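First up is the structure itself, then whatever we jot down about it.
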Amino acid sequence: MAASYRKARGKDAALRRLILSVALGVVLLVLLLSINALIESLTSISSETGERPGVRHYNYSFDVKNLKLPKQNELSVWLEKRNRMSPRNLDLYPNLAEDHIVIVLYVHNRPQYLRVALDSLSLVAGINETLLIVSHDGYFERMNKIVESIKFCQVKQIFAPYSPHIFSNSFPGISPFDCKDKDDPTKVKCEGTRDQYGNNRSPKIASLKHHWWWMMNTVWDGLKETRQHSGHILFIEEDHFIYPNAYRNLQSLTELKPEKCPECYAANLAPSDVKSKGEGWEALVAERIGNVGYAFNRTVWRMIHRNARQFCLFDDYNWDITMWATVYPSFGEPVYTLRAPRTSAVHFGKCGLHQGQDEEEACIDEGGLSLELEDIDRVPNVKSVWKVYQHKRQEGYRAGFKGWGGWGDIRDHKLCLTFANMYGASI
């Protein structure tokens, strides 16, 4: 009988051990599944926002396919129709050169600056071989009239139809219910999302980044004149003075780039340091991409477009700083551009985009107006026999910079992402 009791007690103990083992296994399985889900969640957030340590992004995701452009007003619809018009001066210049580099001049509302830029372009050798696209941030009649007077090449005007400058009482312009200054929408009944410094959006400031991004997407993927263009496109601004040799130099740089600097993504007319006129060496220069006279091809545009989320969610209203701090680092370091040792373009503007826009009071750098060119700046001066010098360590904005703010409103983020998707390109 004692033996039977011991056998029964042994069976009970074994059963308890089995139950305990199963229970522990279930607990461990649940724990592992929870940890895995947490890792996947964090990975998803990092992937969606492109978040890097020290960089301000916003941890939310959008269903981009369901994002919609703002409701248009009458002016917006009219401008969009104008964007589909054929270039002017086709009777004067019916054919473009086979290897032409399209030039895009993006402008705001500084008519005196624009006249200086166009006067310089009119003297550029080869300008009559190409298409000039002028992209306007909104609609300003004086700017329109100046562009309509161009006779030195084919010219096409496009107007940002969702510019804050053409919406007087609704987003992307000023809405009656917008939060102002440092209003906290959780305490004040208003609409908006503050930036990392506690400031609510300024439509005029936000327009700078919106215009550049809308223009890029439209030129590369939206316009019938350029959406099949396989070569480089040059981008300049209304306060850039372009030297007579700029176009021919740029043609040489883009031809030499694959051989001389295969790691270069772009070609530049000017040094990244806008105060510099170049080193004057007998050597080409590879350095970080500057924001004066930069040119790249569709392959690079596709790389930029794949980083639309990083661009659109980074809290800085400057397109160029956003590119330097978030997009270019994603290419892998270093990201070089190729340029000549002497500049072929200079930045002459002293005024901000929203200063001195009245004709009689326009602020302008008189040095730009009285610029004297040397003979060497009037003829092509890039030589194929030159070697390439690389500026390996340069100051400037890099990955990790958190941004200057001015781009914290979720409505701006959504509009920016919508621009990236409006011609069917996936993001």
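Just so it is clear, glycine is given a Cβ too, placed from its N, Cα and C backbone atoms.
Positions annotated as substrate binding site by TrEMBL: D137. Look at TrEMBL and you will find D239, H347 tagged as Mn(2+) binding site. The disulfide bond annotation in TrEMBL covers C179-C190, C261-C264, C312-C416.
Features as recorded by TrEMBL, highlighted on the structure.
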residue: D137; record: substrate binding site; Cβ contacts under 8 Å, 6 or more apart: Y106, V107, H108, N109, A160, S163, H165, S207, L208, H211
residue: C179; record: disulfide bond; Cβ contacts under 8 Å, 6 or more apart: P185, V188, C190, E191, G192, R194, N200, R201
residue: C261; record: disulfide bond; Cβ contacts under 8 Å, 6 or more apart: L284, A286, Y336, L338, V388
residue: C264; record: disulfide bond; Cβ contacts under 8 Å, 6 or more apart: K257, A286, Y336, T337, L338
residue: C312; record: disulfide bond; Cβ contacts under 8 Å, 6 or more apart: W213, H413, C416, L417, A420
residue: H347; record: Mn(2+) binding site; Cβ contacts under 8 Å, 6 or more apart: D239, H240, F241, A270, V274, V292
Per-residue Cβ crowding (10 Å cut-off), top of disulfide-bonded residues C190, C416: C416
